[in-house]
Amino acid sequence: MTHMFEGVGVALATPFTNNEVDFNALERHVQFLLNNNIQAIIVNGTTAESPTLSDEEKEKVLATVVKLVNHSVPVIAGTGTNNTYKSIQASIRAKEIGADAVMLITPYYNKTNQRGLIQHFETIANEVKLPVILYNVPSRTNMTIEPETVGILSHNPYIVALKDATNDFDYFDQVKQRINTNEFALYSGNDDNVVKFYQRGGNGVISVIANVIPQEFQYLYDQRQNETDITNYFKPIEKLLEALSLDVNPIPIKVLTAYLGYGHYEVRLPLVPLEEAQCKQVERAFEQFKAGEQ
């Protein structure tokens, strides 16, 4: 079995204009990503503001991306919730629309234990019969998929990968010891740790910053064996990432997707936009980064 993808998958931001999904901007953004060597597109995840998208919007966004991508790279749909059976329904619908895989966040608020996590994920996987990427992001859910649990879940034929947003390399190493790395992929959920993640054997990243610098971020993966080269290449990206840490994702990255012309600079409540001075700071950091690349 081969991995779902190797390298950079983009956690796609949802463009808005006047608080409506801007499908024209969405199509142009996806085409930009496809033209710049992206290996997968993840829709309806954290960066997409999925909690404030209606089911109809999620389905239409997914259908738009699936049609445009036309099997050139995997399209992965975020369908996980803290309701197992709603997650099944959303995943089945994503499969019908044409998603190549689903990404499932850990249940939140109605937290469970590790035994409950195993049953939750396996129930969805066995019912939907589509490749599943587990999504571990304890900073948002206050729930961790323990390494032993990942190991158990990795034996399910439909559960094929983990998006690890812990930024904890002890956790990464423990997970890696418990999986068959030829069949189960490990993707970083943190743009700022990708160099180290690749050096320790990670298979790629589900990236926020690749919304705006897809080719540059894929280069880091392509050159991962050249430690000196990618360490130096990553330094200006780190500076841009610092500017993108002014607020929670996706508030800062949408400054730049709007700057590139993909929708207006809008987020949906309860998220609020950056202040004007902060927006200029993010734009200036991006301009300096691009100037340095020329």
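Even glycines carry a Cβ here, placed using N, Cα and C.
The active site, proton donor/acceptor annotation in Swiss-Prot covers Tyr135, and the record cites sequence analysis as its basis. A sphere of 10 angstroms centred on the C-beta of Tyr135 (active site, proton donor/acceptor) encloses 26 other C-beta atoms.
Annotation note: Lys163 (active site, schiff-base intermediate with substrate) sits in a strand segment as assigned by DSSP. Within the same chain, residues at least six positions away from Lys163 (active site, schiff-base intermediate with substrate) with a Cβ under 8 Å of its Cβ are Met103, Ile133, Leu134, Tyr135, Asn136, Val137, Tyr187, Ser188, Gly189, Ile206. Residues or ranges marked as active site, schiff-base intermediate with substrate by Swiss-Prot on the basis of sequence analysis: Lys163.
According to Swiss-Prot, the feature pyruvate binding site maps to Thr47, Ile206. The DSSP secondary structure for Ile206 (pyruvate binding site) is strand. Around Ile206 (pyruvate binding site), taking its Cβ as the centre, 29 other Cβ atoms fall within 10 Å, counting all chains.
According to Swiss-Prot, the feature site 'Part of a proton relay during catalysis' maps to Thr46 (among others). Of all the Cβ atoms in the protein chains shown, 22 others lie within 10 Å of the Cβ of Thr46 (site 'Part of a proton relay during catalysis'). In three-state terms derived from DSSP, Thr46 (site 'Part of a proton relay during catalysis') belongs to neither a helical nor a strand segment and is classed as coil.
Residues annotated as site 'Part of a proton relay during catalysis' in Swiss-Prot: Tyr109 (among others). Cβ neighbours of Tyr109 (site 'Part of a proton relay during catalysis') (same chain, under 8 Å, six or more residues apart in sequence): Asn82.
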> Which state, by DSSP, holds Tyr135 (active site, proton donor/acceptor): helix, strand or coil?
Replying inline: strand
